[in-house]
Each structure stands twice: as C-alpha cells, then as structure tokens.
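Novice: The following block contains the structure, expressed as structure tokens.
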Amino acid sequence: MKQSNKNVKDKNITKVAFSHVGCEKNLVDTEHMQGLLDKEGYEVGNNLEDAKVVVVNTCSFIETAREESIRKILEFTDQGKQVIVAGCMAQHFKEELLKEIPEIKALVGTGDYQKIAKVMNRVEKGEIVNEVSKVPEFIADEKIPRLIDQKKFVAYLRIAEGCDYNCAFCIIPKLRGPQRSRTIESIILEATNLANQGIQEIILISQITTNYGQDIYGKPSLARLLKELSKVSVPWIRIHYAYPTGLTDEVIKAFKDSNNIVPYFDLPLQHSHSDVLKSMNRPWQASLNESILSKIRDQIPSAVLRTSLIVGFPGEEQKHFLHLLDFLHKHKFDHVGVFIFSPEEGTSAFDLPNRVPSEIADARKDNIMSIQQNISKKKNQLYVGTKVKVLVEKISKNNELIGRSYHFAPEIDGNVILSIKKNVIENNYVGKFVEANICFADEYDLYGEVINIL
C-alpha cells in the first residue's frame, strides 16, 4: 500500500480516474492499476469529471453486472472521455467489445492489469490496444504497487486467483483462469505492510479460499497460512469464500487458536438438496453440509455463519425448494444472500432443460429473504444488553458512529450504529475500536452506546 504521488506538478500530466464494477477481487485489481499508474507519474484520482482517461474495471459474472458495466462505458464515451475497459468483460468479450463500441481505446484482461502503464502510453500515442491474454496467468504480489483509500481501515488481501472447479452455473474459471496461489511468505509480507499502514481489518479473498496452496504446495494449506497470519499485528483477519470440503479439522483449529482471526465463516453453499447440487456439478457437497455446519457450531460457539444461495436453478422443483427452506430453519444462518439463477453462455447450466419461470424464481427469493429476515432479527436481538467490540468506520450526519462488530463483514452485512454523549471530532473515533453496549437490534443492524475507546 502506498499513497498517491504528491510530487506531480506538471499541469500537462494525464489525469486518470477509475470506475469500478464488481467484487472485491476486482477492487484489488483496480487498486493495483492505480498504484502502477501513480508510480509512472500519472495523476490518479476519483474525479471522473476532470479526468481525461477513465478506466472502467468491469464485471461479467451475470447479465445485470454486464449491463451495469456497459452503462458506465457508454456514459464515459458519451462524455468524450478516453475509455479503457479492464476486467472480466474485457476478458469475456475480447473480440467483440472493440467492434461493438469503437469509442473504446483499450481492453485490459484479468491477467494483464500489470501492463496498464504500457497500455496507457500506447493509448496516448493514439493506438487502439487489445491487451487480453487468452488464458489469465498473472497474480500480483506485494511488490506490485497498490493504492488503497487512506480513509478506509479495511483492506482485501488476495491469496490466490482463478479456479480449477467447474460449477455448472459459474463462468469465473473462463474469466479468471486456473487457480494460482501466492506463497505464504509473500502474503505475510503484504499483511505486515498493511498492518504497518494502520489497516485494522484484513479480509482474505480468492475464488475458493479453502483451496489455497493446492497448486504450489501439493495440498490445501489454508491452516498453515492462518497460523502464520495470526502472528501479524492486525486486530482482525476475516476469511471469505470458504468451501465445505476445505473446512478441515486443522482449519477450524486454526480459527480457534488465533486471537486475530475472527470466527466468521463465509460459506457459499448455493443449495441444500442433493439433486440440485448434482446438477450444479457440486455432488460432493450435500453429504458435507450438515456435518460441517454442526462441527463449526460445536467447536466455535461464537461462530458467525454466512451463506449465499441460488434459487431457480434449472430443474429446481418445489420439493427441492422446500428442502432448502427446512435447511435454513434448521441451521439459522446469521446472514444469507440469495441470487436468482442467471443463464450464462459458456457454462454447462446454460443448456440445461426445465428452466424455472422467472415469477417462480422471484417468489422463491422473496420467500427466503422473508424467512431470513426473521432469523437475522432474532439472532441480532441476542446481542441486546451485551457489550461488543466495534471498529468505527465513519460518523453520520446525525453525529452517530457507524461501524461493525466482527459479526458483520463490510458491504454485505449490517452495521453497528452508536450514539455518543458529546460532540466529537471525527478523528477521535474513526479508525479505532470502541467498546459498546447494544441497546436495540433489527434484522440488519445493531444499535447502542459507546462505553469507551479500546
């Protein structure tokens, strides 16, 4: 992590802004591109109006993400900006995009963002650039410059890129390439650098975090990595995208034994019924769901469980959906995200028969969310009358502190909203941990009062 180059004085220097669409893995790519351009002397900022060049880092996971990406591209080309399209849409449509939107100046693939400065130089010379590798192979390490918003106290740390699985609904392996892990040494160096810069929470990400190390160490090595990360002086380390098969006894023990790895388990299970999971090309999962969830709850009573689900997958019958509802009632996840199946060309699910009508899929999603809201509200209410540790991230217009306890991941979960008994300057609390007494809870957020700064 580094701060922007403050020594750039040349008023003729090219101003570059970024527009980001998609997941946190895409965000890390954006931060690396910003760092690389900053290192080369470009004026990198957030002011899209003043920028001569706009890099749109796109998402192509589902149709709605592509639509949002295209809207942004056209918005900036219509404004006369020089637009560089990076990320998953560039990878996905490397032949079509430049033909369909000739105003685009360059494409940069998911395995080519390290070349952004060279691409920029060519664009400034008037070239139309297509810098998209057929198969992405690159993964950035701690040596690649990276700009992280200095107003934030949370950073994502990518431990691996790509995926070797072939889930029927997912196009990510085609967009991100095969799995390639960073070494433990490289990850520890970056984590230490982040901690030294004042980052309070590091979130480990990859496509399948529990598969970390399989490609370079010959076996999944997340437990070994967590043991080393527990020595880094950062208060919270959170793990996203853990799969059931990788949650071994050794991994769970690493969670238990660490003081800074929060007991938050993000498990994208997708479904509960064996028939649907088999159609999703995840046949191994159904037999593990129950045992893994029970094991986590038994061994770590304070564990927070999040999952993501897909409804409306081809062939999902009412009996399959009712099985999923029973599964949710039984296991009472703290947080649930629900997605309606999106048929993606290039995936095996695209040609599956027996598609579920959209109105049924919509109703199933609404049904799950209604059930989950009641579950989440009851679980949140258990915190009323207790004291929790909260990372304060901002102050509202009403002079309330807004932050998170370890029970909430940024962006996808709720917040802890705290009142204070006196007016304060932002720097008194923001970026710090406080102890808070929880007085009220709804289905999304916790509310309380600050007791003291930790």
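From the backbone N, Cα and C atoms, a Cβ is placed for every residue, glycine too.
OK, Swiss-Prot features for this one:
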BINDING   Cys23, Cys59, Cys88  [4Fe-4S] cluster 1 binding site
BINDING   Cys163, Cys167, Cys170  [4Fe-4S] cluster 2 binding site
DOMAIN    14-125  domain 'MTTase N-terminal'
DOMAIN    149-378  domain 'Radical SAM core'
DOMAIN    381-452  domain 'TRAM'
Novice: Neighbours of the [4Fe-4S] cluster 2 site Cys163, Cys167, Cys170: Cβ within 8 Å of the Cβ centroid, same chain, sequence order.
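Specialist: What remains near the Cβ centre is Tyr165, Asn166, Phe169, Ile171, Ile172, Pro173, Gln207.
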Novice: So among Cys163, Cys167, Cys170, all listed as binding-site residues, which is physically nearest to Cys59 ([4Fe-4S] cluster 1 binding site)? Use the C-alpha atoms.
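Specialist: Comparing Cα positions, the closest of these binding-site residues turns out to be Cys170.
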Novice: Using DSSP reduced to three states, classify Cys23 ([4Fe-4S] cluster 1 binding site) as helix, strand or coil.
Specialist: coil
Novice: Looking only at Cβ atoms, how many others are within 10 Å of the one on Cys163 ([4Fe-4S] cluster 2 binding site)?
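Specialist: The answer is 21 other Cβ atoms.
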Novice: Taking every protein chain in this structure into account, which of the binding-site residues Cys23, Cys88 has the most other Cβ atoms within 10 Å of its Cβ?
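Specialist: Neighbour-count leader: Cys88.
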Novice: Using Cα coordinates, what distance in whole Å links Cys163 ([4Fe-4S] cluster 2 binding site) and Cys88 ([4Fe-4S] cluster 1 binding site)?
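Specialist: So the alpha carbons of Cys163 ([4Fe-4S] cluster 2 binding site) and Cys88 ([4Fe-4S] cluster 1 binding site) sit roughly 14 Å from each other.
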Novice: For each of Cys167, Cys170, count the other CB atoms within 10 A of its CB; which of these binding-site residues has the top count?
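Specialist: Counting every other Cβ within 10 Å of each candidate, the maximum falls on Cys170.
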Novice: Apart from Cys23, Cys59, Cys88, which residues in this chain have a Cβ no more than 8 Å from the mean position of the Cβ atoms of those residues at the [4Fe-4S] cluster 1 site?
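Specialist: Residues close to the [4Fe-4S] cluster 1 site, other than Cys23, Cys59, Cys88: Val21, Gly22, Lys25, Asn26, Thr58, Ser60, Phe61, Ala65, Gly87, Leu175.
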Novice: Take the domain 'TRAM' (381-452) and count its residues per DSSP category (helix H/G/I, strand E/B, coil), listing them in that order.
Specialist: 4 helix, 33 strand, 35 coil
Novice: I'd like to know the mean pLDDT over the domain 'Radical SAM core' (149-378).
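Specialist: Within the domain 'Radical SAM core' (149-378), the model's average pLDDT equals 96.
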Novice: For Cys167 ([4Fe-4S] cluster 2 binding site), just give me the three-state DSSP call.
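Specialist: It is coil.
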Novice: Using C-alpha atoms only, work out the spacing between Cys23 ([4Fe-4S] cluster 1 binding site) and Cys167 ([4Fe-4S] cluster 2 binding site) and round it to an integer in Å.
Specialist: 18
